[in-house]
Structures are given as structure tokens and as C-alpha cells.
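Peer 1: Mind looking over this structure? Questions follow.
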Amino acid sequence: MDTTHIADAPPPTPQPSATEQKRAARGATRPGDRIFLGLSRGSGILLLVIMAAIAGFLTYRAALAISKDEGNFLTTFEWNTSATPPVFGIAVLAYGTIVSSIIAMVIAVPIAVSIALFLTHYAPRRLSGPIAYVIDLLAAVPSIVYGLWGALILVPHLNGLNGWLNDYLGWTGIFEWQGGAARSMLTVGILLAIMILPIITNVSREVFRQVPQIHEEAALALGATRWEVIRMAVLPFGRSGVISASMLGLGRALGETMAVATVLSPDFLIHTSLLDPGGGTFAQNIASKFSEATEFGRDALIASGLVLFVITLLVNGAARAIIARRKEYSGANA
Amino acid sequence: MSTAPSLAGKRPSTLRGASLPKWAPWAIGAASIALGFGISTAAGLASDIQWALIAALLYVIGTYVISAWIENRRQAKDRVVTSMVWVAFLLAVVPLASLVWSTVQRGIKVLDGYFLTHSMGVVADSEPGGGIYHAILGTLEQVGLATLIAAPIGVLTAIYLVEYGRGSLARAVTFFVDVMTGIPSIVAGLFILSIMLMFEMEPFGFAGSLALAILMMPVVVRSTEEMLKLVPNELREASLALGVPKWRTIMKVVLPTSLGGIITGIMLSIARIAGETAPVLLLVFGSKFINSNPFDGAQASLPLYIYQQYGSGEAPAYDRAWAASLTLIAFVMILNMVARGIARWKAPKTGR
């Protein structure tokens, strides 16, 4: 594609090998090219600058807040930024964020993987397209609508489940229920599971589609049933893809704000029972506390947001790194 | 699972073992529903979920037992997994159906011309009446401005990655675009907020646009990149062979070829950010009044309106929240469908 190839020795490959020398030559000959390259490269650099700026600004404001924090930022069970001296910590938020995300993953991953298998291996061909579309619709619903639905429809409907869990599993302590509206971590987890289902399904489906046909045919030729094909050919091939899909879903669950803020009735305690209303997550705490916060209070919220940012960055980075090892998943090279 | 010799002709001399007829799953299903219903009526169970659960359990057990008896255990396991996969799919449909149904059913109550063309200016949360005009206006302005910022940057970045990008800068951009896709929306909001705190600014619409643009950029880059990769190299080479400069090749050959897909991607990302609440909550703050200037003063926005109406806890406000949800879902769905329509209509001929 490099125009200078024409003047050069006969081009050995159609793909240009953009060494610095050739890039310089191209820039020198074509002012239009130079401007265009500058613009597009500038946009790319701008994205990197934005990422760096996010980290920088958040860290700066967070440092302002944490330096005045009288409690330990990591272990304090309190969020009192307007007190003098201010005391706040993220222990409860970290606990709530992790617990609700784990519940969401436990529910969503098996179902999402099943649906992905359903779409690639079980559903009738004609149905598979429309069903994939329905799953995409789940992804398109705005999170605030999930929140409204969760708070007004899902919460009252979960009383039955809560009672059942309390009757049969209450003795574990994790599923003890004192009655009252189900504005608990379990409800949040269920809602988050519904919300992250589409992304896990979509990525897993892409991976399952990539399974070499010949593996499946070999298994079938040996007399394997459909389930045996999946267990022996599809799942081993797709394992890393499913893991990274789950981590993408996890990243989304960790940062979800509005659905949690509408459903949860927050407090600053760690509840052993998942059915107790209370607790909080990073994102929910920011949304709920923001409107009453003073400038210092906002800095404190930014500090908790920084922790969330770092966590999601790590989770997403890991997921992407796993995917990047298998470039063929991108779908564009099909 | 093809139609095997009928059961009546026991042990036919084929290589296949006996297998269940095609109608067997339906028959077992019907039987277990009837049985489940019967059991729960007899036991006086009230909830619909309970008999459905009993029926589902009976179906799985019944399938396994019958299949293991007539076919073999491996086939039985296969059939059980098949039914579980179907159940998983149905499980995912239930919340979606419930969500759409309740939004339509409750939203339609107050959604009319008046609701769409009036603001909440003189209406208390506890009273009926009022509307979402101010919120629609705010959302359209904020999302429009965000698109104006994010779409060019996103498309240019994608062009860089596909047409120019080699080496470590391109690799870094690719990686961070991926990571950026996963930034929680509230963090993008906090980022702009921290800048605003530094300059002691009051909330205004454009600040929300900036945060939304950050959320939108990586999505646009991703989708545009995929589309540009679909453009056949032969087209580029033909153009370059005629001596057309590279930038004109991109503008006149590559972009027009992939335009449909790029527009689809941009529309899908608009649909995604139109429903974002958290950054708007932090940066635009919400307002009951019509404010058409996104550069000055707090503005309303549709998702934020839903949140605030829900938060007021009054019955008429709930009705308004549902109606606003219906409007928002309709907006997002229409964008989605139009985008997919364009994608199908304009799909590059080589694509699939």
C-alpha cells in the first residue's frame, strides 16, 4: 500500500513494512499524507493521553482526600466526610462490590455459557439468529431501566425465594432472612447477573464458533453424542475464551452503578447474611452520596472511584490479554 | 436422534441401538407439566413458580430415566444436557420479557403527547402531570455533543490502527482501547468531575457530554476497526497503483466502502451512551426546568430523570419513571434496529 514501493525495487509483499525510513519518505513527498497521518496518529495518542489523565487526575484528587482522612482508608467501616476530622474507609464498599460481583458471576457464567452452547450447537439454525438478537436486546436495555425494574418488580418477587432460602439454608448464616424488602446483596447479584449475561454469552459464542470443525467431526465420527462432543472438543478449546468472557462480565459487574443504587438499601455495615438489606458498592456509594457531598466529600468519593478504576483496569486488562493471545477471536479476520 | 426403527420392532438388526422417537421429549414434557400441575394443586401450593419447578424437575428426571432405559446412559446424559441448555435459554428470556412487559404496561399509562412536550417546571413529585420534554432535550444535546467529539476521534484512531499502525504505539493504543471499553461509566464521570473541581465549575450539560464521549470513543474505535479490516486489500492496491495518495485512497475508497458499517457502529455506541446515568448524575446534576443551553447551568437528562423520579418515592412519580423508561427503551431500540438495518443494507459484499 506504500506508494514509494512503486519507485523502489519491486515490492516483495503487498503489505507495507513501515520502517521509519519509508514513513519519513512518504511524509516528505505528500503533504496531504503527512497531515492525515498526523491527525489519525494524534487521535490515537489522544486516547492514551485521556487514559493517563484519568489516572492522574483521580490520583491527585484522591490524594487530597486521603491525606486528611483520620481513619484508615482501607479498613475503616465508616463514611463520614463531613465530620471534623473526616473519617472514611472503603472496607464495606470493597466487600459489597466483591460479594455482589461473585454472586452475579456464579449465576451468570453457567447460564451464559449454556446459552452460547445453545446458540452454536443446539438451537435450530433458523432460530439461532433471532435468539442472538434477543440476547443483544438484553445488552441494549439501559442500566437505569434495569434498576427501576429491579427495584419495583424484582424486589417484591424475591420474597418467596428469600423465604425458601431462609427455611432450608438459613442455618448456614449466609441465607438468614429477617423479613422485609429484598433490597439485599443477593438481589443485587441476581440483577447484575442478568445485566452481564449478554456480554459473556456473546464472547463465549464467538469462541465456540471458532472450534475447528474437524475436531467436532472427529468426535462425532467416533460415535460421541452431542454432549460428549461439547465436553471433549468444544469446551477444552474454548476454555480460555470463556474465562476472559467471564472477566469482561466481571469488569462490568464491578462498575455497575445505577442498578445497584436503585435496588440496594445501603448502610455501612458488613452483613454476614446475603439476604440482609444493607452494605454498599463503590459505584453505588458514589451515586448515592454525591448530591449531599461537600467538595471534600467529593474528593473522598473520587478516592473510592480510583480504587474501582484500578480494580476494573486490572480485571479488564487481564481479560484482554487472554483474548489477545488468540487473535482469531476478533472476528474481523474471518 | 434420527428416526430410528420404531419401538414396536424390538431389536432391529441395525448397527444403531434403539432410540426414542422424535416426539418423545414433547410427550415427556406434556406429561411432566400435567403431573407437576396435579401435584401442586393436590399439595395446595399457591405459586406458579413452584409447579413450574416441579414440572421441570420431573421432565429432567423422566427424560433421564426413560432414555437410560430404552437407549443408554450416554444418550440419557446427552438428553439431560440438551434440556438444561434449553432451560438456561428460557431463564434468560424470562427477565427480558418481564422487563419489557412491565415497562410497556406501566409506562403507557401516562405516556402521551402532553408528557412528551412538557417539563416538570411547576409540578411537585407527588402530583400527577408534568412531562419529560426538558429531559429529552437534555439527553439529545448531551449525546449529540458527545457524538460530535467521540465519532471523529474514534474513526481517526481506527484509521490509524488499520491503515498506518505498526509498532509499539499502535499496540499500546489497541490495548488501551480495549481496556477503556471496560471503564465504569461512573469513573469517567469522576474524571471530568475532578477537572471541574479544580476549576470550581458548576454542573453543566457539556461536562456530561465529555464523560459520555470518553465512554463512546473506544466503542467507535472497535467497531470502525472491524469494518475497515473488512475492506479488501485489492481495492486499496488498485487505488494506490493508479498513483492516488494514501490519504485520498482512505478518504475516497476505504471509507466509502465501509461507511455503512461505521455508521452502524456509531449508532450502536450512541444507543449505549444514551442510557448512561452515572456520569450525568455527577456532572449535569438534573433540573426540573427546560434548559436548552448545554454550556451553562444544570440540565435534565432522560436516564437521570428516571432515577430522580424513582428516588422521590411517590406513586405518580413512579408512573412518570416508567413512562420515561419506555421512551428511553424505545429510543435505544429504534437506534439499534436502524443501525442493524443499515448494517444489513450496506454490508460490504465481501463481508460474509
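Any Cβ shown, glycine's included, is placed from N, Cα and C.
Positions annotated as domain 'ABC transmembrane type-1' by TrEMBL: B:136-339. The feature transmembrane segment is assigned by TrEMBL to B:23-43, B:49-69, B:81-101, B:143-162, B:174-198, B:204-221, B:253-274, B:321-343.
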Peer 1: Going along the chain, which residues at least six beyond the ends of the transmembrane segment (B:81-101) come within the CB cut-off of under 8 Å?
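Peer 2: Beyond its ends, the transmembrane segment (B:81-101) has Cβ neighbours at 25, 56, 59-60, 63, 329.
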Peer 1: So, does the transmembrane segment (B:143-162) come close enough to the transmembrane segment (B:49-69) to give 3+ Cβ pairs below 8 Å, pairs being at least 6 apart in sequence?
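Peer 2: No, these stretches are not in contact.
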Peer 1: Quick check for me: are there 3+ Cβ pairs below 8 Å between the transmembrane segment (B:143-162) and the transmembrane segment (B:204-221), leaving out pairs under 6 residues apart?
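Peer 2: Since 3 or more Cβ pairs under 8 Å link them, the transmembrane segment (B:143-162) and the transmembrane segment (B:204-221) do come into contact.
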Peer 1: In the same chain, who gets a Cβ under 8 Å from the transmembrane segment (B:253-274) while lying at least 6 residues past its ends?
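Peer 2: Apart from its flanks, the transmembrane segment (B:253-274) reaches 139, 143, 146-147, 150-151, 154-155, 159, 163, 212, 215-216, 219-220, 222-224, 226-228, 230-231, 235-236, 239, 244, 302-303, 328, 331-332, 335-336, 338-340, 342-343, 345-348.
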Peer 1: Using Cβ atoms and a strict cutoff of less than 8 Å, what residues sit near the transmembrane segment (B:23-43) while being 6 or more residues removed from its termini?
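Peer 2: Residues 50-59, 62-63, 66, 79, 83 contact the transmembrane segment (B:23-43) from elsewhere in the chain.
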Peer 1: Give the nonlocal contacts of the transmembrane segment (B:204-221) in its own chain as ranges (CB under 8 Å, at least six residues past its ends).
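Peer 2: 138, 141-143, 145-147, 149-151, 153-155, 157-158, 161, 177-178, 180-181, 183, 185, 188-189, 191-193, 196, 265-266, 268-270, 272-273, 276, 279-280, 282-284, 291, 293-299, 301.
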